[in-house]
Each structure stands twice: as structure tokens, then as C-alpha cells.
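J.: Before anything else, here's the structure in question.
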Amino acid sequence: MSDIAIRARHVSKVFGQSRVLDDVEFELRRGEVLCLAGENGCGKSTLIKIINGVYTPEPGVEFTFGDETLSAISPLEARSRGIHVIWQDLALFPHLTVAENIVFDDYVARPWRPLSARRALDEARAIIARFGLDLDPAARVEELSIAHRQLVAICRVLRAGASIIFMDEPTASLTYKEVQSLLDITRSLAAQGISIVLVSHRLAEVLDVCQRVTVLRNGRLVGTYPTEGMTQARLSTLMTGLELEHTPRASAWKGAPVLELQDLSREGEFENVSFTLHRGEILGLTGLLGAGRSELAHAIFGMTRPTGGQMFKDGKPLKLRSNRDAVRHQIAYLSEDRLNLGLVQNQSIEMNSAVTVLPALEKPRGFLSPGRIKALTAHWIQELKTKVSDPTLAVSSLSGGNQQRVALAKWLATEPDVLILDCPTIGVDVGAKAGIFEIIRELADQGMAIILISDEAGEIWMNTDRALVLREGRVACEIIPAETTEEALEAVINA
Amino acid sequence: MRKLLSRRGLGTEGVLLGILLALCVVLSLATDSFLSVQNLFDLLNNQSVNIIFAVGLVVVLIAGGIDISFAVAASVVQYVVMTLLIDHLGGGGWVVGMALSMLTGALLGLINAFLIHRFRIVSIIVTIGTFNLFFGLLMYVTGGVSIYDVPDWLYYAIPLLDLPAERGSATLYLPAAVMAVMVALTWLILARTGFGRSVYGFGSSPEAARRSGVSVWKIHAFAYGWLGLCAGVAGLMQAHIVQEVVPNALIGQELTILAAVVLGGATLGGGRGTVLGAVLGVLLLAVVQNGLNLLGVTPYAFRMIVGLIILVAITTSNLGNLLPRSTRAKNP
């Protein structure tokens, strides 16, 4: 038995005019955890779909399984060779039970065979036990956390006899603890001879769990490297082809205090949070998911009411009844959920940019002026260097990084004094991340006070003047990035 | 009580059953006629048509769709089948009549399924269209004239079970048995076959179902076709009970039955709902109506009270949500 699970050579794919994949080679060993890295649009998904049999590659391709070589692979062939993909959306059935989700393939294969709920439970239990997972087979999937749903998806492919599993961004919405337990599970699956390919944006965890990393850039193979000795900085350079600077923000000019919190509390969310935010300052707010970061931001933005403590804006007491109130006081909040809350995906780029300042765009009164909307949109597209072919297109047509620029523009249009950014780089490529942070730093240099919420130690370390680490709703400590290392900061966050 | 009801497995059906039983106890104490074999049999005889409709409709709701054309489709079936039988088949009999009703009903349902599937139109829009189309055609072709001269086999009630009761006797008629068969069949398919579970799967997440290899057309065809078939059967039963065919006898029923099914735990979002829930939903509304009747409340209050019950049910989405969740995710 060869130790190569699958090797694909000379993989190319052309869609219309564009060559999405160009002579890529991909090799996966038995029992290996491999990372497939690359920016959005580099061809990762296309490669996965080709190996999975969904797309037919250009002729000349060779798939090798052990001693067998094939020149084409169909979805059925891929299945029979144990190749399975767990896409980011997991494709589960929320209203069905865990057991029913795990045996769902039977329902499709033998639709008229009489069912026994007990048999489904037993089979699910067997799979769960075999891989030592923690799942209740009788629970409904809708009641489970994302991390547990992930386990259900894994059980489903394992039951289908998976020996090669592709996982698309499996850690995207998990907490630190959940990520660790998922990574443990991947390790134990690999130890049982199953090969796993992780697609992930979180470079730190990739380096932690994978043995090798295959990097794609613009449809070409950059190379496959052992992760031993690889650093995040080197990996991002390989992915983007750019040397990104990796130093803390040079603590710049700091202006007058603009926002002051005194013992701000909200029951069950955060307690006694105090800080003073100055003009031109970027304050980091970090801590694990659920530490109260976003909850604090919601209170500062008037979406929830604090139950104790006080806020001051420009020295005057600040009482907010709603987020409209907050906007009036020139506070802006960029939501972490860009897809659902930050932008209206199927509305145009213009309308998304203008939505926060509609009254200012009326001419005559009561009627929106298309001209003013166009001018405003054009101004911010230029200012933020957003790549837009046509501002009347739906915002969903843009990439993650460019969508985030539109979301930023929408809030910058309100001319805020205080800008709260809640995880502004979720779903944004490494290269585009750098661009977003460049904008954020410039805004601070122009005198805006910025609160940056993030759980990525690297982002906080490079882009803030000081950072508050929240733990269970309390400020655990304050850290000046310039006086510490990224690793030390990471250790404090995860402590 | 809360704790008792929140046990796993009780869910919406358990809550509904509890309310239904409580209501029955109250009505038995408050009136002397509620708790009688006669009243129970009357309830089953009278509700059999609605229950047949409801178990058909719950399939569509579980599959994530909605259909408001089924009641008028049943009227169309009545007319088509009666005309065929009387004019071309010399009256026919139960077997032919039932088969023709099922076939015509299923065909009408498949028209909905085809439009929804082929042109990817939202089911409510399609069925608003076919609702008007079916009813308009029916009124146009019949000129609004009823058929009073139904064949003999359909005219005479068929008693199944005759029990002596206080006043004369209590009799259970054929429609109740047909209802039981339709309920059992629908339950078997939904709860005891893989195909039934894939209907739930499709309603729960169409994309996930598609990716698992579920045939979307089969799901659509089954859901709307089965509702059509049920509507055909219900139409025949209704004609049998009232011994005539009136073109506008059933129009308007669709909303009452939809409400009953939603009360029974189905949602317009799909993936949720059970045959038992649908049956209990119909029975609950029927018992409320029956109870108000026996209590001497004016019939003008019925609709208002039914409306209130529906609103309460819909605002709580389904009754199970009133209770604390029984199975929370365990954190590792």
C-alpha cells in the first residue's frame, strides 16, 4: 500500500476567458493533515471541486490512487474512493436529529425501505463512539452549537466511508476552545489513516495542526512546504506574493479624550469596564469569543442599555436610547456580521454607501437625489480605493475586502468621532486585510478615535496603540503592543 | 406542569394533546352533552373531511411550500368525477369513484408541482394563481349550478359502527374510516420511509438535500400530488356527506385548515410538522367550536375565537417554543 492517498497532476481549468487553475499538482499522503492555503479566487475551491468530480478539468490531467492512474474522475468515482468535502455551510438538516443527519444518505439511496428510528440511533452512536466524539444522537441539529454541527458533518462523511476529507474553513465561526477540540479531532482522524485537507484563513492554527501546506496563488501552485519552521509571515508572503510588514503600529500622536467609560456594566455581559479613548488613538478590544467584546460595543453604540456606570463623550455625560442616538453623537459601529447585518447584500453599492446619511442626500426635501448619492459613492470609492466596476451593481458582487470597504464607507459618511470596528477582517484575504488596516491607521492619523475588536493577536499587535484584554466580561489587563511580542499577547488572550 | 410537558418527545403534539384533553375535561364538566359517544362520533364524522385535507397539507408545509388551491381543487374534483360518472360511466361505484377522485386530485396537485418546479415560482404565488384558475373555471363551466342528483351509492350513508346511546344510537360512518386510512398512509410515508425523511430534509434545507442527491422534482411532485390526492378523497367524502355537489361548498376552507395545521406545529418555513400534529390541530379547533356551540355561545363568536387561537399559535410560532428547550447542546 502506497502512502500517497491521492496525487493529481497537470490540473488546469478554464472558465470562459480566464484560466482559473494552471497546471497545478496536488499530493495528499495517507493519514496526513494538509493545509490548502491561498487567497480568495486563487483556485482552492476549483481544485477541490475537480478532485471531488464536480468540475471536469482540462485534458491532460492525471489522478493517481496508489498504483492506479485515471484521466478523469466523476462525482461517483470520487465518492467510491472515499473523497468527501465538508463545505463551510455544512449542508446539514437543522430540523432533523443528529442520527437522521448521519444516516441521511440511506434515505436517498433506499427511499422506500421501512425505517427504524432505533436503528438510525444505533448506527449514529456506533460512529460517534468509534471516533470518540461527544454528540447526542437524539438531539436536533438546530439545537447544537456550530462546533457540534461540525462534528455531525464529520460523522456523516465518516459513515459514508470517507478516507479523504476536505474541510472548507471549518474553524471560521468557532471559539478558541472549540477550534482546539476540532483540531484534536482532525489529529485523531489522521492517526486512524484518514487524510484531511484543511482550507483555512487562520494561519496560526493551520501551522499548528498541519504537517504540510500547499500554497496556491492566482491559479498556480506556489509550492508545498512542511509546516515545521514555517512562520505566519512567510506563509502570508507566499500566499500574496507581497512582503507585508509585521511590526507594531508606531505609537503616533494622541489627541484630546473623546470617549470615556466609567465602570460601565451590563448584567450578564460585562462588568466595570473603564477606559478613556483619545482622538487619533486605536484601542484594541480583544479576548475570546464570548468575553463580552461585541456586547460592550453594542452598549457604546446604543443598541443595548448599560445597567451600571457612565459614559462621557467630549466630557459630557452620554446617554443613548438607540443606535440612532449614537449616530447623532457621531459614534459608528461596523458590525462583525457583514453578510447579514453590515450590508444589504442584494442592494446596490450606491444604496449601501448612502444608507446611513439618507436625509443629507435629499434634494428637494423628502426626495433622494440620485446625483448626490452618486457623488457620495464616488467620493468614498476613490478615498478607500474600493475596486468597483459599476456602483449600481449589488454589493454581493464584490469580494470580501471590497465589501468591507463599502461597509466602512457607509459609516465614514456619517463623519464619526468614534469608530468601532468589530472584527473587520472576517472573511477577508490576507492581502486585502493589509489594505483595510492601512485605511484604519490613516483614519486614526487624521484624528478619528478607533476601537478595534479582534480575536487575532496579530491584528491587535500590529494595529493598536494599546489593547484591553477582556475575560468573562471584565478587563483582565491592558497591553501596549509596542512593549511586548505578538506571542506574549496571544498567550494573554488565550489564557 | 411545565416540567412535565418539556420532557423530550412531547413537543408540540404533547402540548396540543394536553390542551385538547384539558378542554375536553372542562367541556364535560360544563355541559352534559359533550362527553357522550354520540358527540364524539359526530365530531369524527364531521371532521373527517378536514382531517383528510390537513394530512395532505402538512406534507406540503413540511416540504417548505404552501398550497391554498386544494379546497377549490376538491370542488373541481367533485364536479369532474360526478360528471364523468353520471354522463359516461353509468353511475359507477365506490371503487371507480374513489380511483377517479384520487387521480383527478393528484393531477391538479401535479399542475401546482410542475409550475413551482419548472418555473421556480414561489408556491404561494402559484397556488394563488391556480386557486383563482380552478375556481374561475369551475364557476364558468358549471354556471354555478349544483348537482343534486348524485349516484345512489354516494347518496346513502354507510354506517360502520352503531352503538346504543342515550338518544337513539351513535353511528360512525364511512368517511371516518377513510380518514383513518389517509392519516395512517400519510404517517407511514412521512415517519417510516426514507423518502418521507427526505421530504423533511428538503423542507429543512433544500440546498443540503439537493447536494445529498435528493430529487427535487420527486419531492415537489409527491408533496403537491399527495395533497391533491387527499383533496380528491376529501372532496368525494364531502359530497357523500352532504349528498350533493355545490361549487362553492369548500372555498374558504383552505385557510381554516391551514390554520389548524400550523396550530399542529407545521411552519411556513418547512422541515417541521407531523401528521399527529395536523390531526390534533383540526380536532382542537373542532372541539373549541363544538364546545362553544354546546355552551350556547353565538355562532358569530366562532370565527373571532378561532382567529384568536390562530394568532396565539402563530405568535408563539409553535407551541413547543413556549416551553424551555429540553435538549441543549452539551459543551465539551
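Quick reminder: no glycine exception, Cβ is built from N, Cα and C everywhere.
Any TrEMBL annotation is an automated prediction that lacks curation.
OK, TrEMBL features for this one:
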- B:15-37: transmembrane segment (TRANSMEM)
- B:49-74: transmembrane segment (TRANSMEM)
- B:94-115: transmembrane segment (TRANSMEM)
- B:122-148: transmembrane segment (TRANSMEM)
- B:168-190: transmembrane segment (TRANSMEM)
- B:221-243: transmembrane segment (TRANSMEM)
- B:249-268: transmembrane segment (TRANSMEM)
- B:275-295: transmembrane segment (TRANSMEM)
- B:301-323: transmembrane segment (TRANSMEM)
J.: Short question: most Cβ pairs under 8 Å with the transmembrane segment (B:49-74), which of B:94-115, B:122-148, B:168-190, B:221-243?
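T.: Comparing B:94-115, B:122-148, B:168-190, B:221-243: B:221-243 has the most Cβ pairs near the transmembrane segment (B:49-74).
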J.: Sort out for me which stretch, of B:94-115, B:168-190, B:249-268, has the most Cβ pairs below 8 angstroms to the transmembrane segment (B:221-243).
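T.: Most contacts with the transmembrane segment (B:221-243): B:94-115.
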J.: When only pairs 6 or more apart in sequence are counted, do the transmembrane segment (B:275-295) and the transmembrane segment (B:122-148) reach 3 or more Cβ pairs under 8 Å?
T.: no
J.: Should anything in the same chain at least six residues away from the transmembrane segment (B:168-190) have a Cβ under 8 Å from its Cβ atoms, list it; otherwise answer none.
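T.: Tertiary neighbours of the transmembrane segment (B:168-190) are 36-38, 40-42, 44-45, 47-49, 51-52, 55-56, 58-59, 62, 157-162, 196, 199-200, 226, 230, 233, 237, 240-241, 274-276, 279.
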